[in-house]
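Here's what TrEMBL has on this protein:
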- SER9, HIS68, GLY144, PHE145, GLY146, GLY147, ASP177, GLY178, GLY179, GLY199, SER200: substrate binding site (BINDING)
- HIS34, ASP36, HIS68, ASP177: divalent metal cation binding site (BINDING)
- ASP36: active site, proton acceptor (ACT_SITE)
- ASP177: active site, proton donor (ACT_SITE)
Amino acid sequence: MSDFWIAPSILSANFARLGEEVDNVLAAGADVVHFDVMDNHYVPNLTFGPMVCKALRDHGVTAPIDVHLMVQPVDALIGMFAEAGASYITFHPDASTHVDRSLQMIRDAGCKAGLVLNPAVSPDCLRYVMDKLDMILLMSVNPGFGGQKFIPSTIDKVREVRQLIDASGYDIRLEVDGGISAKNIAEIAAAGADTFVAGSAIFNADDYKTVIDDMRTQLASI
Ligand SMILES: O=C(CO)[C@H](O)[C@H](O)COP(=O)(O)O
Ligand SMILES: [Fe+2]
């Protein structure tokens, strides 16, 4: 794994061949599997849950699975995803009544914990839980759908959160999610991100390796 992680979002994969799709994208050089859980309540869309995560583990996937919870409430799913083989579990602070407790529950369940900030959410809410975070995920689109356009104001937020992480001294990954492609990945990395979710840019391409190689070439220019 390089220090820059590429995390394909399986939201844009072919669900009828999910195991094969994940194998292919990992063989093409991806680092992490980004697993978008949507509940038709916190977001309008509805995707998949812990059983599908477990099915990927049973299929033989050993790469980290980065579970992005777009669900409300959050806590009941934490133990289920931990048992299903999640590596990271991230959730939106506005979807949990007790954010600090939910973060602690994730770590107590043996997973790495993270918070996800929607485009209009201020990073202020991170300040008092930095010691409980392994990942901060900044949404660069409004959550719920793949294939949306990157919201440019995210770049300033990436810079701001990078400073917060560096000042904290904690080892926290800074992930960005939504509208990322080989065209804008370098700018996002230069602002301070180290983990890049890409769904449609990878899975809508004919050759996953070409796209991931292209992203790595762009990242090498930082
Ligand atoms: O969390 C998400 C949407 O809520 C997805 O991870 C994200 O949209 C990835 O898709 P794309 O790269 O096509 O924008
Ligand atoms: Fe996501």
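Note: Cβ is positioned from N, Cα and C throughout, glycine not excepted.
Unlike curated entries, TrEMBL annotations are predicted automatically.
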Candidates near ligand 2 among the binding-site residues ASP36, HIS68, GLY146, ASP177, judged by a Cβ under 6 angstroms: ASP36, HIS68, ASP177
Local backbone state of SER200 (substrate binding site), from DSSP in three classes: helix
Residues flanking the substrate site, with Cβ no more than 8 Å from the Cβ centroid of SER9, HIS68, GLY144, PHE145, GLY146, GLY147, ASP177, GLY178, GLY179, GLY199, SER200 and excluding those residues themselves: LEU11, SER12, ASP36, VAL141, GLN148, VAL197
Remaining residues near the recorded divalent metal cation site, that is with C-beta within 8 Å of the centroid of the site residues HIS34, ASP36, HIS68, ASP177: ALA7, SER9, LEU11, PHE35, ASP66, THR90, LEU137, VAL197, GLY199
Distance [Cα-Cα, Å, rounded] between SER9 (substrate binding site) and ASP36 (divalent metal cation binding site): 7
Within 10 angstroms of ASP36 (divalent metal cation binding site), Cα basis - binding-site residues out of GLY144, GLY179, SER200: GLY144
CB contacts for ASP36 (divalent metal cation binding site) [other CB atoms within 10 A, all chains]: 24
